[in-house]
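Engineer: Let me begin by handing over the structure; questions about it come next.
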Amino acid sequence: MRTLWIVAVLLLGVEGSLVQFEMMIIKVAKRSGLFWYGAYGCYCGWGGQGRPQDATDRCCFVHDCCYGKATDCNPKTVSYTYSVKNGEIICEDDDPCKKQVCECDRVAAVCFRDNIPSYNNNYKRFPAENCRGDPEPC
């Protein structure tokens, strides 16, 4: 519980994509990104190493790669505009950076939704020392 409180306090000072990403996951996957994916596998949460453990962890790996390709902007803080129509996310910005970051978040949120059956509680708070092997290229 203390960890969730610390995360909540930290998020109060965060604007832009991370908060929007959380809301997008809630709208699409119907679950909290912070709770379910904040510390999952080898790639969900801060950093990443080794090989993704399952399809859910791979969603985070792909998201990390996508953020790494964002050019001329900080994907974790940029704010973007999106809407949800008929359960589908539509990224609405014309700005290339905002559009790219929104698309990264959209793809990950849909990936989480589509891979809920692969979620394995054994990978929640998975120790980094268990994340072995050469990382795959993005």
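In case you wondered, yes, glycine gets a Cβ from its N, Cα and C as well.
Below are the features I grabbed from Swiss-Prot:
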type	residues	note
ACT_SITE	HIS63	active site
ACT_SITE	ASP105	active site
BINDING	TYR43, GLY45, GLY47, ASP64	Ca(2+) binding site
DISULFID	CYS42-CYS131	disulfide bond
DISULFID	CYS44-CYS60	disulfide bond
DISULFID	CYS59-CYS111	disulfide bond
DISULFID	CYS65-CYS138	disulfide bond
DISULFID	CYS66-CYS104	disulfide bond
DISULFID	CYS73-CYS97	disulfide bond
DISULFID	CYS91-CYS102	disulfide bond
SIGNAL	1-16	signal peptide
Engineer: Give the sequence-ordered set of same-chain residues, not counting TYR43, GLY45, GLY47, ASP64, with Cβ within 8 Å of the centre of the Cβ atoms defining the Ca(2+) site.
Structural biologist: CYS42, CYS44, TRP46, GLY48, CYS60, PHE61
Engineer: Do you know offhand how many angstrom separate GLY45 (Ca(2+) binding site) and CYS138 (disulfide bond) by C-alpha?
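Structural biologist: On Cα coordinates alone, these residues lie 17 Å apart.
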Engineer: Comparing the disulfide-bonded residues CYS44, CYS60, CYS91, CYS111, CYS138, which residue's C-beta has the most other C-beta atoms within 10 angstroms in this structure?
Structural biologist: CYS44
Engineer: Drop a 10 Å sphere on every Cβ of the disulfide-bonded residues CYS102, CYS104 and tell me which sphere holds the fewest other Cβ atoms.
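Structural biologist: Counting other Cβ atoms within 10 Å of each of the disulfide-bonded residues CYS102, CYS104, the minimum falls on CYS104.
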Engineer: Identify, among the recorded positions ASP64, ASP105, the residue whose Cβ has the fewest other Cβ atoms within 10 Å in this structure.
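Structural biologist: Fewest other Cβ atoms within 10 Å, among the recorded positions ASP64, ASP105, is found for ASP64.
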Engineer: With DSSP assignments reduced to helix, strand and coil, which class does CYS44 (disulfide bond) get?
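Structural biologist: Looking at the DSSP assignment, CYS44 (disulfide bond) belongs to a strand.
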